[in-house]
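Here TrEMBL flags 1-178 as domain 'KARI N-terminal Rossmann'. Per TrEMBL, the feature domain 'KARI C-terminal knotted' maps to 179-326. Residues or ranges marked as Mg(2+) 1 binding site in TrEMBL: ASP187, GLU191. Per TrEMBL, Mg(2+) 2 binding site is recorded for ASP187.
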Amino acid sequence: MYFDKDASPDDIEGETVAVVGYGIQGKAFAANLRDSGVRVVVGNRDDAYRDAAVADGFDTRPIADAVAEASIVLLLIPDEAHQEVYTAHIAPHLADGDLFVLAHGFSVRYGRIDLPPGADVALLAPKMFGKPIRQRYLDGSGVLAFVDVVQDATGRTLRRILAVARAVGFTRYGVLPVPHATETELDLFQEQFLTPLLLDAFRTAFEVLVEGGYDPVPALLDMHASGEMAEMLVEAADTGLYEVVEQQGSPTCRFGVQRYLGKLLGDEVRDKGRAILDDIRNGGFVEALSKEAEADYPSLADYTAAYRAGALTRAHDRYRAVLEGR
Ligand code: NDP
């Protein structure tokens with residue numbers, strides 16, 4: 001793992017960084033780089049995000065101009081837009097020796113962009129969304145990131161990407177070397193297996209309680225909306241999943257947990273996890289995603305409609321209305 005002591009600002013001294021995209025990640029990266037003394041140019045289409053970058057005082061230009069101006073280019077727009085934006089506005093303006101950086105390995109892992117042969121290419125993948133990246137930079141800490149040297153034209157790619165990581169604040173927490181294919185597959189697996197499993201666990205618990213005659217609002221609060229479970233997971237990230245129950249739970253709680261631990265998810269769920277992982281690795285998922293995108297994401301509208309109509313969402317709306325009395 002790399003820390004502040006392993007990264008030197010000298011390795012990007014005098015370089016200009018183009019932050020392409022001013023969304024969840026772009027806004028945080030741009031602000032932290034600037035506060036670390038790095039010259040930043042934001043590249044964005046003429047859109048609301050562009051206005052936000054201008055309002056925040058950034059030198060903001062069309063994407064191709066920002067790339068031409070910089071020697072380090074961070075691509076921080078949604079992965080599904082990479083291919084088109086990279087081909088039209090980035091690749092033609094990348095010079096030999098430039099450093100091209102992605103925040104997620106997806107486009108490289110699935111061969112959706114052609115890497116520029118004379119440039120350095122690196123992955124710097126935050127394991128966190130944008131707001132904490134900015135907030136923790138301001139409070140003197142940082143968040144975890146994965147790093148990978150995808151292509152090393154200058155022989156200095158690792159040093160340069162670690163200097164970028166330091167300027168954003170990642171080396172304060174730690175930057176772990178992880179191959180870009182692994183980073184991509186782990187991220188997709190978390191999204192496709194763990195996230196639905198957790199959401200369905202909360203929903204199933206809620207539905208069992210409501211079927212059992214309980215008022216939906218206290219049921220929702222006790223299952224997740226109080227934030228207690230979220231705090232437990234935050235604590236667990238530091239101390240460990242089982243340790244947090246051991247340290248924070250009463251004997252009644254610990255006895256109840258151990259009584260059912262390992263007994264609720266059977267082999268069937270594990271087999272589904274294996275199938276999802278196979279689908280990610282063999283390209284089945286990315287093919288389905290391309291078809292979905294071509295049809296303008298019809299499943300997303302269905303998903304939203306189904307959840308909005310559900311009892312859990314209605315209970316949440318009722319709870320929010322009560323909170324408005326604060
Ligand atoms: P966002 O959805 O927040 O990106 C929004 C930005 O992308 C805006 O500036 C928007 O500008 C621009 N954009 C969107 N579509 C296009 C397009 N077709 N052409 C040009 N610009 C476009 O993305 P994130 O910050 O969430 O993700 C950026 C990268 O970071 C991705 O690779 C993602 O995988 C990675 N990442 C994201 C994490 C997260 O927590 N969100 C965590 C770790 C990695 P406008 O619409 O004005 O053109």
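Every residue gets a Cβ built from N, Cα and C, even glycine.
Because TrEMBL annotations are produced automatically, they should be read as predictions rather than curated entries.
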Around the Cβ of ASP187 (Mg(2+) 1 binding site), the count of other Cβ atoms that are within 10 Å: 18
Taken over the domain 'KARI N-terminal Rossmann' (1-178), the model's mean pLDDT: 97
Tertiary neighbours of GLU191 (Mg(2+) 1 binding site) (same chain, Cβ under 8 Å, six or more apart): none
Residues in the domain 'KARI C-terminal knotted' (179-326) grouped by DSSP into helix, strand and remaining coil: 122 helix, 0 strand, 26 coil
